[in-house]
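Taken from TrEMBL as is:
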DOMAIN    116-176  domain 'P-type ATPase N-terminal'
DOMAIN    211-349  domain 'P-type ATPase A'
TRANSMEM  368-392  transmembrane segment
TRANSMEM  398-417  transmembrane segment
BINDING   ASP461, THR463, ASP798, ASP802  Mg(2+) binding site
ACT_SITE  ASP461  active site, 4-aspartylphosphate intermediate
BINDING   ASP461, LYS462, THR463, GLU572, PHE614, LYS638, ARG667, THR690, GLY691, ASP692, ARG772, LYS778, ASN801, ASP802  ATP binding site
DOMAIN    825-1052  domain 'P-type ATPase C-terminal'
TRANSMEM  859-879  transmembrane segment
TRANSMEM  885-907  transmembrane segment
TRANSMEM  937-957  transmembrane segment
TRANSMEM  963-984  transmembrane segment
TRANSMEM  991-1011  transmembrane segment
TRANSMEM  1017-1043  transmembrane segment
Amino acid sequence: MVRPCPSVGPRGRLRAWPGARELAPSLRARPARCRRLLPRGGAAPAGGGAEAGPGGGPGCAGGAAVKAGDMTDNIPLQPVRQKKRMDSRPRAGCGEWLRCCGGGEPRPRTVWLGHPEKRDQRYPRNVINNQKYNFFTFLPGVLFNQFKYFFNLYFLLLACSQFVPEMRLGALYTYWVPLGFVLAVTIIREAVEEIRCYMRDKEVNSQVYSRLTARGTVKVKSSSIQVGDLIIVEKNQRVPADMIFLRTSEKNGSCFLRTDQLDGETDWKLRLPVACTQRLPTAADLLQIRSYVYAEEPNIDIHNFVGTFTREDSDPPISESLSIENALWAGTVTASGTVVGVVLYTGRELRSVMNTSNPRSKIGLFDLEVNCLTKILFAALVVVALVMVALQHFAGRWYLQIIRFLLLFSNIIPISLRVNLDMGKIVYSWVIRRDSKIPGTVVRSSTIPEQLGRISYLLTDKTGTLTQNEMVFKRLHLGTVAYGLDSMDEVQSHIFSIYTQQPQDPPAQKGSAPTTKVRRTMSSRVHEAVKAIALCHNVTPVYESNGVTDQAEAEKQYEDSCRVYQASSPDEVALVQWTESVGLTLVGRDQSSMQLRTPGDQILNFTILQLFPFTYESKRMGIIVRDESTGEITFYMKGADVVMAGIVQYNDWLEEECGNMAREGLRVLVVAKKSLAEEQYQDFEVWMLTGDKLETATCTAKNAHLVTRNQDIHIFRLVTNRGEAHLELNAFRRKHDCALVISGDSLEVCLKYYEYEFMELACQCPAVVCCRCAPTQKARIVRLLQERTGRLTCAVGDGGNDVSMIQESDCGVGVEGKEGKQASLAADFSITQFRHLGRLLMVHGRNSYKRSAALSQFVIHRSLCISAMQAVFSSVFYFASVPLYQGFLIIGYSTIYTMFPVFSLVLDKDVKSEVAMLYPELYKDLLKGRPLSYKTFLIWVLISIYQGSTIMYGALLLFESEFVHIVAISFTSLILTELLMVALTIQTWHWLMTVAELLSLACYVASLVFLHEFIDVYFIATLSFLWKVSVITLVSCLPLYVLKYLRRRFSPPSYSKLTS
């Protein structure tokens, strides 16, 4: 992306140089205040404009309208627009909690500095709690979540029925061991997750801070902090509660905050202390004055604050208004100096807490579908039981017979299904963690891996997630010459030559404006460009102790090894770091001055006269500085090329070169300058306007390939009422195959009045970009998509402001990045890079879903086979409720004899991972749910009935004189049939599958010696036994092999051509 530079042209017009950088613009909301700044002199009507480039600071969003010579030809002044306040009500359920705890409805408060005992209402404890359960509710809660689903409840009732003698059909362990195993796995998994969550909360609540008291400074845990406490927060320390900024150790009287865990922005935010308390000699004097803060009620708005600070013991009393610039929200981190603040809100009243939703247990769609199938199987079980009793003409105690038949055919609903699926989820999680192509991936919720294979809507945060937000200066273009990464040493030599040739006099023009046209050398042109970039920004250098030099000495000597740059945007830092690399170093800055160091260690001093912060509406920033050595006043401006092209002096290369660099994937930034006479500087007036990020959103949609080259992007204009929303929706309805870009404020209005219509239109778009969204808005969008479409959603984010969206979605993915681990810890899956999401969904998600679908249906088939054999057996023997297989046979059938081959299906795959990544259509096929549908379920039911009936009737026809031969022939044929069916189902053989097949067969053969109670050991060694078993197995399996061949021959699946 791109960087720029300027030069002075004839007649005082601006000339410009474009430069290059990588830029990842942000879609999230940044603080924006509407206010009017008065000039330091006479005021005149405003015309023109100045603003920061794409890396400008968000402290106050706004464009600057400037009247300065002929710069103001065609830039109209726009009126002030007040930012709409967000809903101040607490999140759902918060008010109920407040009333339960005695706090009542949230209301404004008066907080006395250093006197928490003088509170006018009850406040919550400053405790962070993200757990789903506590010590007393854990076991009841987990059991309730398990047994509220039909599947588990059915097996609980089945196991309990075996305590009644009239209903017992076998040993208790055959019912209780499988159920106990399932519950134990679930309880252990939930316990581990709860313990991890508890430890994370404990770590946060146990962080130690310093509190100012009448006895001096005392240490206090975060959980013990109260409203009214004066808390000291050191540099790089987390703010423990919502506070008002009172004092800072920084000499410039301000501090920077890192707010990435609150609003998702990696940009640092500038905060200002209360002027009255900052002027006090020491922090201890805060306890000697009689003062208080009147604050608004707790609300979810992280971008605004309304309050007043009052000091009563001064004459006259001092009262200062408070805004977001004076607020320190919990969860942010101080990036500079030591700050002192008074606590306003704690616990559940924190802005960060009110913007997050309560954690919930997620149940996968696949589990719900399996639960639905078990209900169908239960209905079939009841029908079979009733038919058996009806064929007995309801004789005797028929109601007990119904219960016995229900227990006898209970295998129709296999309890091993739950065991196999849970173990399969563990395997899927292990495979994901071990994938070397997505290193660092963590599975935090092992219950929903199949969800990854059926995502219809992907909602992603942008900064740090969709883009990495890393800036690199790539190119400097001066019109006739360009400097790239490989020629930056030439720029450095030009800067060095300028300051070594004129060591006694800084290279600046004398006087307020040029009087003659002088052809400048290339060195002077490069120097002017570099100096413009070194001065036009919002960066502040900060000096830290490095263990050798103390902080005061480092700041005094401008020690390079101790200096770090702080700014509201990382791309601003990239610009200053580049000017340092070529020889012009920013070494000092406060609110009124700036210092640069030359290659000859000369210090250039500049006075900051005016600063025009960047806004996303005007897309530019500006700064007016006075060179202390010459008195020259210079106006520097930088901004997007589309804006600056109409402001700078006309030339024939700017548009062409900017277009060339944009086509290379660079973001163009144009920098310009203009020298001002004293009279010109006095003759202007500045307006700060609220900005938006729609342009940034549009660029992101294009750069991320969310839309194709042939698709249009509709920018939804700002609407504030129902009529405007109606007109804009009608305009949008007339467009087809068009991506949508909409701001959070407009989205709120549309959802308020036209929720159904808006969601209907949005769901038809190939992509939707929502900018300036609050955390609760993100979660609401996810919830509306789920409700309106019934499809699965996946939310991806990397900041604390994404937690609500991640928890609300069906499948949450957190990205561990520059914004910390809060989103990662709250997500179901954690990845280290956004690009890993493709493999997570299209390979692991697809495989998990297809494998679980095949596994579940095969387990059902395995149980239905033996149930069909039981039905045939009971029908032949006068509908007696006598089990065909008893004791170890029935347990061994679903465990050691068939468990390993059947479970090996979790290793099966239809295509290679590279093919799955190359053809997204393979993933799209899964959205129809065909791997597990009523159609496939019915096919497996028919197969089970056919094979079970074939085996049982074959055994009855071919048995000789003893009943025990029926058991031997049918059971052996059943085992062999299952092993062959597994082989028929497998699409890609894994060596473990072969081992599982051979191991299971060997286990059965070896166990025959010990099964003399059920099987005639001498009979199974005869040739008669072998041919009868072979014939029955062949009849039950051969037709299915033939059908599979014919299907692949005449109706191959979509992936068959890819595998070949």
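From the backbone N, Cα and C atoms, a Cβ is placed for every residue, glycine too.
The separation of ASN801 (ATP binding site) from ASP461 (Mg(2+) binding site), Cα to Cα, is 9 Å. In the predicted structure, the domain 'P-type ATPase C-terminal' (825-1052) carries a mean pLDDT of 88. The transmembrane segment (1017-1043) makes no contact with the transmembrane segment (859-879): fewer than 3 of their CB pairs lie within 8 A, with pairs spaced 6 or more apart in sequence. Looking at which of 398-417, 859-879, 963-984 has the most CB pairs under 8 Å to the transmembrane segment (885-907), the answer is the stretch 963-984. The DSSP breakdown of the domain 'P-type ATPase N-terminal' (116-176) into helical (H, G, I), extended (E, B) and coil residues amounts to 29 helix, 0 strand, 32 coil.
Its own atom aside, the Cβ of ASN801 (ATP binding site) has 31 Cβ atoms within 10 angstroms in the protein chains shown. Taking PHE614, ARG667, ARG772 as the binding-site residues under consideration, the smallest Cα distance to ASP802 (Mg(2+) binding site) is found for ARG772. Through the fold, the transmembrane segment (937-957) approaches residues 373, 376, 857-858, 860-861, 864-869, 871-873, 876, 966, 969-970, 973-974, 977, 981, 1028, 1031-1033, 1035-1037, 1040 of its own chain, all at least 6 residues removed from its boundaries and within a Cβ separation under 8 Å. Through the fold, the transmembrane segment (859-879) approaches residues 373, 377, 384, 388, 391-392, 408-409, 411-414, 416-417, 420, 885, 890, 893-894, 898, 902, 937, 940-941, 943-945, 947-949, 951-953, 956, 970, 974, 977-978, 981 of its own chain, all at least 6 residues removed from its boundaries and within a Cβ separation under 8 Å. The number of other Cβ atoms within 10 Å of the Cβ belonging to ASP798 (Mg(2+) binding site), over all protein chains shown, comes to 35. Helix, strand and coil counts under DSSP for the domain 'P-type ATPase A' (211-349) come to 22 helix, 55 strand, 62 coil.
In the structure as shown, the Cβ atom of ARG667 (ATP binding site) sits within 10 Å of 25 other Cβ atoms.
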